[in-house]
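Colleague: One structure coming up, written as structure tokens, with questions to follow.
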């Protein structure tokens, strides 16, 4: 071979060696990347998606194709329940490669997890169109998505299609039964479960679902017998022991539920879930002490969200709303993310305790994180309405509307707030919407009648109020204004007519309009003020019991720290009263659960006012009264003195007005009617014409002389 030939051969061999070396290296790298990918797949299949993510990232670093690994990462994040992250990675895969069936499935699963069911359906359908290989599994997921949007016919069609491939799939059969239950087709559901139990004779879930279906169609004895047989067949199953108790609990048979859960407790003493159900049932039968004991034991065994929530609910049952709030907060803290259930319970506790401002503040703090919850903005709206902030209430009702608040309830809430704003046209439009859903909606019909009256003219309004609500009018039956001409009188003529119809010696029924209306209803903060006399003594001057006086009072006392070490002085001197309900709400914040008073209307019907168990306790409470303290002022003083041991009344004998008023407002005309509407008593003690005798008598009561009488200097 020539020298040139040898050189060419040598060069050729070098190229071959380099090529082989490169090929070997590339194969080694690919093999390594493939190994990481395979490990990741195994981890996901074995329920360890966190480890899978690590392996998939290693495969990516080792050079595996990006779009494949991005898709795998989406799969793993979906398995972890991190649906936003899963969506992020499948979108990355889609940016690199045309959409394929795997991507569609990951898209669908991400959207399903994010409760975007229509988008999920679109992607699942696309996966089937792209690759029939996936059709069997995807039909089941499609059925679940259709079920989530209440399209039960489509859900049944898709799940049955899946079952044509996998007839023995227990989960799919159970979901099919759920579809029929949602359609109230209980017989069909039962027949399916009969066959499922035959095909799965040793699977508790099959019996569990059959029992649930039987609750809809069988009598109590048959359900009891079945659940007891299941319990005997699966003696080591906690659910088998709980089911009969839960059945009783749902029926309201709480004593029977307690007995069943006690049996479960004897068998599974370490299971906190037994404590949860047992404590809940004990609470329902009024055994607060035992209920709290079992609920606390559940927390001690497992400080979980559900156990803290159970304690909160037990305290709610006992009307200990303020005491429940810390437990709902702990339920939140035990979760990685905010949970709608616990936030709603927290809001309910605030609203029930009449802590409307706190409800608003808390609701606003969680509303954006709970983007799908209509209940949070609905409750915020309710709190604003109670504080007379109707425009704010409407704003948040519209947020609740976008999130799916039930339509008839939404329509009534909007109607009520527009009415309170004086926008009768909008109110009537929403009333019509309410009646579209339910022609017999009592609240909507009542509000419609009120607006009709308001639009019928001042003469009708005055005569209707006196006829239907005035304590000293003994005429029975509702007032009919159809026959009257509906004159819309001036303020002055309305005033003349009103006072011509009330008793001459009735100083408590009144018609307020113009500047006086603005004073009382536009600047409600003028009805009350609070100041510290010293570090341990708080003075609250209550000038009038207005619509917002109670809320302002509660907000005041909630800001006071260590109330049990403080003295509270309530000054109602020269306070002629106001709204009975306002005084009762203020008492609710200071008293434990008692029947604080009863009102008696002109027909002799008695209406009790009951306070909740939650209360703010003070070291001492003083109530300052004088001869001009009347009505709601006297109710406040008498109830505190009756139900608390640390109350002292100071001043001179009060006026002696044992009647309460009912009010009717004309928002558009800036006027309000107050008419004496009921007698009231505290433990059957009515002070009409008698007044309240102070514990410490002051000849010429004033703020200064009363403070001196109790040994406090300003």
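Cβ coordinates come from backbone N, Cα and C, glycine included.
No curator has checked TrEMBL annotations; they are predicted automatically.
Per TrEMBL, the feature domain 'Tail specific protease' maps to 494-699. The repeat 'TPR' annotation in TrEMBL covers 33-66, 67-100, 101-134, 136-169, 238-271.
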Colleague: By DSSP, what is the split of the repeat 'TPR' (67-100) into helix, strand and coil residues?
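Modeller: Counts, helix then strand then coil: 28 helix, 0 strand, 6 coil.
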Colleague: Per-residue pLDDT averaged over the domain 'Tail specific protease' (494-699) comes to what?
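Modeller: Average per-residue pLDDT within the domain 'Tail specific protease' (494-699): 93.
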Colleague: Of the residues in the repeat 'TPR' (33-66), how many are helix, strand and coil by DSSP?
Modeller: 27 helix, 0 strand, 7 coil
